[in-house]
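Below: the structure, in structure tokens.
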Amino acid sequence: MEEVNQSAVSEFVFQGLCNSRKLQTFLLLPFSILYLMTVVGNLFVVLLIISDHHLHSPMYFLLANLSFVDFCLSSVTTPKLTTDFLKDIKTISFGGCMSQILCVHFFGGGEMVLLVTMAYDRYVAICKPLHYSSIMDRQKCIWLVVISWIIGLLHAMSQLAMILNLPFCGPKVVDSFFCDIPLVIKLACMDTHTLGIVINADSGVLATTCFILLMISYTYILITVRLHSKDGASKALSTCTSHITVVVLFFGPCIFIYLWPLSITWVDKFLAVFYTVITPLLNPAIYTLRNKDIKNAIKRLIN
């Protein structure tokens, strides 16, 4: 079946963000700058945390992993999107499309679980400060990160397994700028309605479960700290605001795309750009602008 697929449809064609040639030319520079800022920002955070011993703590270990995942997630789609602005016909090979699907769900699923891990870290730090060092030891931190990568890989493999051997024998135009599963399965030469529901449920359940766990965790943190101190709520809010902001920015578009029953093309494209291009750029800025330790580390680096 795989040989038939690849011989019948050897490549897919992207519609891209828009049809206007002038607008595509205009968007080339902004998206190139955005990607460059994403790469520099996220890799800078990773290298800063590795090089500064003051940042060798569980929270920053997890933050370094988040920045690396954001760099990888953005690199799966943004370079191709940017170079396609220069092309009239935007093609991607069948293997390249399947690889893109695998990587998007691998890094995206891994980031969801990693954000839950970061929420757990903040819960222990704020609600059980005396036991923090014993609970969040180095070995547990490493295992939590490994588990997030494993869950991301299992999620990606389950998504890919459901579409890899579909019969693609004719239509090959994907109305997006990357291989998004809901759009790709529409091109299969069979009824994929039930399969589409299963695939959306797979992604939707993971995203919704992680989001609910995150909201419960941060709500519990605020309630618990408020009960123990008058100004506890403000301190907890200050500590968790950056985390909550990143959670909303990342999960909002994902949940909307996979759980919203109606598909509006321009809305889907906007949200796809948001979580693959904009969010990976905003994450390092959100964490560094609100974090005194990161600011002090940058000052030490400069001086």
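Glycine too: its Cβ is placed from the backbone N, Cα and C atoms.
Here the structure is a predicted model, which means the values were calculated and not measured.
Record features, source TrEMBL:
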TRANSMEM  27-50  transmembrane segment
DOMAIN    41-287  domain 'G-protein coupled receptors family 1 profile'
TRANSMEM  98-120  transmembrane segment
TRANSMEM  141-164  transmembrane segment
TRANSMEM  204-223  transmembrane segment
TRANSMEM  244-264  transmembrane segment
TRANSMEM  270-289  transmembrane segment
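Count of Cβ pairs under 8 Å against the transmembrane segment (27-50): among 98-120, 141-164, 204-223, 270-289, the largest is for 270-289. Counting only same-chain residues 6+ beyond the ends of the transmembrane segment (141-164), those with a CB under 8 A from a CB of the stretch are 2, 58, 61-62, 65, 98, 101-114, 117, 120, 181, 184-185, 188, 195, 198-199, 202-203, 206.
As a whole-number mean, the pLDDT of the domain 'G-protein coupled receptors family 1 profile' (41-287) in this prediction is 86.
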